[in-house]
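So that you can see what the record holds, here are the features copied from TrEMBL:
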- 6-437: domain 'Major facilitator superfamily (MFS) profile' (DOMAIN)
- 42-60: transmembrane segment (TRANSMEM)
- 72-91: transmembrane segment (TRANSMEM)
- 131-152: transmembrane segment (TRANSMEM)
- 158-180: transmembrane segment (TRANSMEM)
- 192-213: transmembrane segment (TRANSMEM)
- 219-240: transmembrane segment (TRANSMEM)
- 260-282: transmembrane segment (TRANSMEM)
- 294-318: transmembrane segment (TRANSMEM)
- 325-344: transmembrane segment (TRANSMEM)
- 350-375: transmembrane segment (TRANSMEM)
- 396-415: transmembrane segment (TRANSMEM)
- 527-545: transmembrane segment (TRANSMEM)
Amino acid sequence: MNKPMIVFAMSIGIFLCMLDTTIMNIALPAMQSGLDIPLNSLSWALNVYTILFATLTIPIGKLADIYGRNKIYLIGLIGFFVGSAICGLSPNLTILIIGRSIQSVSAAILFPSGMTIGISTSTKETRTKTIAALGITQGLASVLGPVIGGIVTQYFNWRWIFFINLPLVIITFILCVNFLQFKNETKISESIDWIGSGLSMIMLFTLVLRLIQGNGWKWNSPAIISLFAISITSLILFIFTERKSTSPMVDLKLFSNKQFNGAAVAILLSNLFLVGVNVILPTFFTKVENKTEFVAALLITPISLMVFIFSPIAALLIDRFGARIIISLGFISMAASYFLLFNIDPNNIYELVPACLLLGFGYGIIAGPIMVLAASDFEGSLLTASQSVTGVLGRIGITLAVAIFVSTLTSNITFEKAKSVAQAETITQKMNVPSKYQKDTFASAKKSINSGGGKSDSHISEKNVIAKESRLILEENNLLNAPTVVQAAVVTRVTRKVSGIFSIINGASKKIVTTTKTNIKSAYTDLYRNAFWFVLIAGFSGLLFEKRKA
């Protein structure tokens, strides 16, 4: 048995699962154009992956223990290959969603099975390093998603964000066939907790759907309130059932472990605050700054770079300094990043680089050791349960981030647009031009602002106005048959007058564009002003861990 190759194979599978959680986000505009579908419909290709991945991870992880993790892992690889191929070849939204569904079910197989196989393969001496390597893989994949998505979309085609999975799956499959043991593999002799499985799926499905659709369906709508009630009821019933079950879906002994509880909270919060930047910033670059997907990807690369560098370092230092210091320092660094984000000059996006470096450092030193802390005390079914639960919490953290940050951003943008319209009205009223031009300029600006554009030029062209005004004067003064030189003199006078008016209009329009763009940028930076204190408070989650033994 070649243990390093097995761990490598598991790392690839886990990397693919996490990568496809975020790789689509930056490619959405290209996909929308390529498939000719509205964005709100396309978002379901994102949502179905998140919902099914979170919902099925725990029950499938348990099934893998019972029927054999190695065999189940191979099935997951085959499914992920098929799902990725269908997504890449999809001619319409329906086929794309089918492909993403197959991908997500397969990811729910690969993630817990891959973590458990990799950890179980290691010896007592190498266990910590193995867990750290698998945990780092998760963190790195999450931050690399938008980067890889942007580069691939810019230089190839959005379909290749799915096609790039195929060679990696083939490599992993070959490694598994050659190095995993399929005959007489270790299984756990337990019955399936069907009630617990059903309740966990209902609870997670309704919770994640509520988070995803809260902004669209409105948080106080009967549908969202009903989903919340169902998820809470299912959770209570799930806890009651698991306490009584002889073969629980999730052994609640997990939550009597202080290290695991601290890791669970840190995983959820760190993913929440990472994705709050990692998904929102590319949108800011492409929608507000009009950058290409490639440039947007490059601008958030410092996050990935710092995670890559500091995750393994933190994993090695955890025993020396203790979880309390490392995890708290990680959240403090992320809070410092948020502080910079809401204090940057909106007109100088390169000031974002230090913020990205701090965010990557903070997330990196949390992601490196966190899986070690979550799994180090467990064996057998408890080990599988710990990986399944932490995996689900990571997905919930990502979903929470999208729900909270997108909802807040939408509210901020609505406010800033209304503010921009009011400012545009003031600017146009101050123009020293006839009232009809004031009204026309304001109407054009208002329409542009509310439609999301920054351009506010009048729909009446200067050339047409000159021609119309000149003819009107000629008609009023019976000069239509006058000598050409007389008509030319009239046109010259009108041109001078109209050009002066349009010079004022153009100046006002440019001012409106600049003001509106600044306001929209503030909608983004204000996100981090509001979130800063929450990230700082998250640093106290380090106190959930045990003190380092002297």
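Just so you know, the numbers here start at 1 and follow the chain as drawn.
The backbone N, Cα and C atoms fix where each Cβ goes, and this holds for glycine too.
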Checking distant contacts: for the transmembrane segment (192-213), what same-chain residues at least six beyond its ends satisfy Cβ-Cβ under 8 A? 47, 50-51, 54-56, 58-59, 62-63, 66, 223-224, 227-228, 230-231, 234-235, 237-238, 241-242, 245, 247-250, 392, 395-396, 399-400, 402-403
Within the same chain, where does the transmembrane segment (158-180) have neighbours whose Cβ lies under 8 angstroms from its own Cβ atoms, ignoring anything closer than 6 residues to its ends? I mean 6 or more beyond. 1-2, 5-6, 8-9, 12-13, 15-16, 19-20, 23-24, 27, 30-31, 34, 70, 73-74, 77-78, 80-81, 84-85, 87-89, 99, 117, 148-149, 152
Under 8 Å, at least 3 Cβ pairs, sequence separation 6 or more: does that hold for the transmembrane segment (260-282) versus the transmembrane segment (72-91)? no
Proximity verdict for the transmembrane segment (131-152) and the transmembrane segment (527-545), three or more C-beta pairs under 8 Å: no
Is the number of Cβ-Cβ pairs under 8 Å between the transmembrane segment (294-318) and the transmembrane segment (350-375) three or more, considering only pairs separated by 6 or more positions? yes
How about long-range neighbours of the transmembrane segment (396-415): same chain, 6 or more residues beyond its ends, C-beta under 8 Å? 21-22, 50, 54, 142, 207-208, 211-212, 214-215, 219, 267-276, 279-280, 520, 522-524, 526-527, 530-531
Between 42-60, 325-344, 350-375, who has the most Cβ pairs under 8 Å to the transmembrane segment (527-545)? 325-344
Restricted to the domain 'Major facilitator superfamily (MFS) profile' (6-437), the mean pLDDT of the model is 87
Long-range Cβ neighbours of the transmembrane segment (42-60) (under 8 Å; 6 or more residues past either end): 17, 20-21, 24-25, 28, 31-32, 35, 72, 87, 93, 96-97, 100-101, 103-105, 107-109, 111-113, 197, 200-201, 204-205, 208-209, 212, 249-250, 385, 388-389, 391-392, 395-396, 398-399
